[in-house]
Amino acid sequence: MSSAEDGQKHAPPQPTAPPFAPPAAAAADFESPVPPPPAAGAGSGMGVPAIVRRWRRDDLVRKGSLVLRGLALLFSLLAFIIMASNKHGDWKDFDRYEEFRYLLAISILATLYTGAQALRHVHQISTGQDLVKRQTSALIDFAGDQVVAYLLISAASTAVPMTNKMRNNVDNLFTDCLAASISMAFFGFLTLALSALISGYKLSTQSYI
């Protein structure tokens, strides 16, 4: 009896069940919390520097359009004045030739268009408000610049053959004025063509929302 009790006293202790442990996935979630979402505008290019750059670019585009239309106004006005004053009697009157009358008419049209556009741009830059809606003005600029530029190059190209024919026979003040008027119309075409490129850029970046 004593030997049995001694055996029970010297028996190794029985293993006990370990305490409850949370699952591995839950423990991992507890140890590494979810990072907070990034701040608005971070990494999207819409921060303050991007907005400032866009404002500067828009201001440069507006001023560039004004300068180009001002130059187009100057060239168109010179083409109109030089051709209208080119009357020296007999065959040396511009209005005796259809090509030169066409160039005069287109020069007047270009002068009126570029003058109205320049005044509108001056009003927009000085007051910050446009006379028409922004979407409508972008479409008018793009279409108007292309049409008037095409008319100017068409009129200049029409007057060149007759002018060259006259200069082959005689070179005088009349033919010099014709060449000068054609040159001014060509320069007006170049400036309006560049203005049309800027108008196309503004139209393509226009928001319609």
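Cβ coordinates come from backbone N, Cα and C, glycine included.
Taken from TrEMBL, the feature region 'Disordered' covers 1-45.
Residues or ranges marked as compositional bias 'Pro residues' in TrEMBL: 12-22.
With DSSP classes pooled into helix, strand and coil, the tally for the domain 'Casparian strip membrane protein' (60-190) is 115 helix, 2 strand, 14 coil. Per TrEMBL, domain 'Casparian strip membrane protein' is recorded for 60-190.
Among the features that TrEMBL reports, transmembrane segment is placed at 66-85 (among others). Sequence-distant contacts of the transmembrane segment (66-85) (same chain, six or more residues past either end, CB-CB distance under 8 Å): 94, 100, 103-104, 107-108, 110-111, 114-115, 117-118, 121-122, 125, 152, 177-178, 180-182, 184-185, 187-188, 191-192, 194-195, 198.
Feature annotation from TrEMBL assigns transmembrane segment to 100-119 (among others). Through the fold, the transmembrane segment (100-119) approaches residues 66, 69-70, 72-73, 76-77, 79-80, 83-84, 86, 94, 141, 144, 148, 151-152, 154-156, 158-159, 162, 178, 181-182, 184-185, 188, 192 of its own chain, all at least 6 residues removed from its boundaries and within a Cβ separation under 8 Å.
Taken from TrEMBL, the feature transmembrane segment applies to 139-160 (among others).
If one looks beyond the transmembrane segment (180-201) by at least 6 residues along the same chain, the residues whose Cβ comes under 8 Å of a Cβ in the stretch are 61, 64-65, 68-69, 71-72, 75-76, 78-79, 82-83, 86, 100, 103, 106-107, 110, 114, 138, 141-142, 145-146, 148-149, 152-153, 155-156, 159-160, 163. Annotation comment: TrEMBL describes 180-201 (among others) as transmembrane segment.
Residues 65, 76, 99-100, 102-103, 105-107, 109-110, 113-114, 117, 132, 178, 181-182, 185-186, 188-189, 192-193, 195-196, 199-200, 202-203 of the same chain lie 6+ residues outside the transmembrane segment (139-160) yet bring a C-beta within less than 8 angstroms of a C-beta in it.
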